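Step one of this worksheet: look at the structure below.
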Ligand code: TYD
Ligand code: MG
């Protein structure tokens, strides 16, 4: 046998290099290259096809009018778990490959088993377990109260044999729990190594595209929060969903990080119970912590992750620092954004926190990526700094610019309505987002253009 060819793949950006280097020449990350073994099949396939995972040439390509194709693509099936359908962009797409990542014990296996249960007889599923025994899977299904007869499971870790079984059984949905346990006969590397994970995922992706079977891959998350194995796994699949939650909280958030068939940042909310995951179809108020009254350092914002508004509490703690370099800790939002907001607060809000430790946390373990969080974050910080609670039933949103201006955010009216529905009495928002009428129901709306105006509005 010829000596196996190897290459190096960057875990950060997924680019390939023929030689090992300390720094990835493409993305500049240090120490991110891992050696992979190229399989003979993969070596002969064109590089681009190999990277995208579409090397399957079982059917010779033809030139077609898109009109003729449009009717056949995107046949969607509703799963019957509303929050999961929502995150997938409106249901399960035939032949799609979905990667679900999350910490161990967060509920990935439970969710996918419940999904098969919900599909039941409608769509034949196959659950491939590489981590648990069949008895453990059956016991869990029983505990979840799922109908056992339509559930098919297979304990197998070799990708070639999985594909054989699936081809024989013809399920419509194939679940691989987890991709890190799967290996291919083409490579001699150990299961779980980057090359095995990559090749196996590529094989399964090809299989999904050829057969029209929808494949779900479970992926473990590394300490840094990415899916173990190179980023190339994320490029290969159609959708990447992350299952997140705070330890100790029973709420779980499923977030679309990439989706070729729907909106990214769409959130699905679940609660873990003794009977498995339950949907939380109206989650807008669960991210508010239950204070008896107004507390210093707490502000409520209306964020719009995905396609619906959510009321979320941000908490800040600002305290005299004993350190020469005070701490800046941001949980659930970007660290750099916090540093920028503190600079704006100093320059345009007149509050100097350079000698203070600043901790900011988004309640409920959710992550807020949009800039609408800027204003409420500054409110929470200032409130903690002055040790004075914000007015009761106050809600805010708005982007803060470097010159202290408050910029509008998308879907202002929808956010305001959501806040009014939940009994908030005052909203401080960008002027361009404020409606002409200064109230919605009981709620007074204050439109502001500058940070100084916003701070005056809450005094
Ligand atoms: P699991 O689906 O095994 O997580 P993952 O596959 O992401 O590692 O979830 C396991 C956790 O969920 C475990 O801590 C127990 C809890 N759990 C419940 O609280 N209720 C249930 O009905 C089930 C099945 C699990
Ligand atoms: Mg599991």
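Placement of Cβ uses the backbone N, Cα and C atoms for every residue, glycine included.
Just so it is clear, the model here is predicted, and its values are computed rather than measured.
So that you can see what the record holds, here are the features copied from TrEMBL:
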type	residues	note
BINDING	102, 103, 104, 105, 106, 107, 108, 109	ATP binding site
DOMAIN	73-221	domain 'RecA family profile 1'
REGION	357-459	region 'Lon-protease-like'
MOTIF	258-262	motif 'RadA KNRFG motif'
- request: Would you mind splitting the domain 'RecA family profile 1' (73-221) into helix, strand and coil residue counts from DSSP?
  value: 60 helix, 34 strand, 55 coil
Query: Among 103, 105, 108, 109, the binding-site residues in the record, which have a C-beta under 6 A from ligand 1?
result: 105, 108, 109
- line: Hits among 104, 106, 107, 109, i.e. binding-site residues with CB under 6 Å from ligand 2, come out as 109
Query: Which value does the mean pLDDT take for the domain 'RecA family profile 1' (73-221) in this predicted structure?
result: 92
Statement: Residues lining the ATP site besides 102, 103, 104, 105, 106, 107, 108, 109 (CB within 8 A of their CB center) are 243
- request: Work out, from DSSP, the number of helix, strand and coil residues along the region 'Lon-protease-like' (357-459).
  value: 39 helix, 28 strand, 36 coil
- line: Within 10 Å, the Cβ with the most other Cβ atoms among the binding-site residues 106, 108 is that of 108
Field: Among 102, 104, 105, 107, which are binding-site residues, the residue with the most C-beta atoms within 10 angstroms of its C-beta
entry: 102
- prompt: So how many of the residues in the motif 'RadA KNRFG motif' (258-262) end up helix, strand or coil by DSSP?
  reply: 0 helix, 2 strand, 3 coil
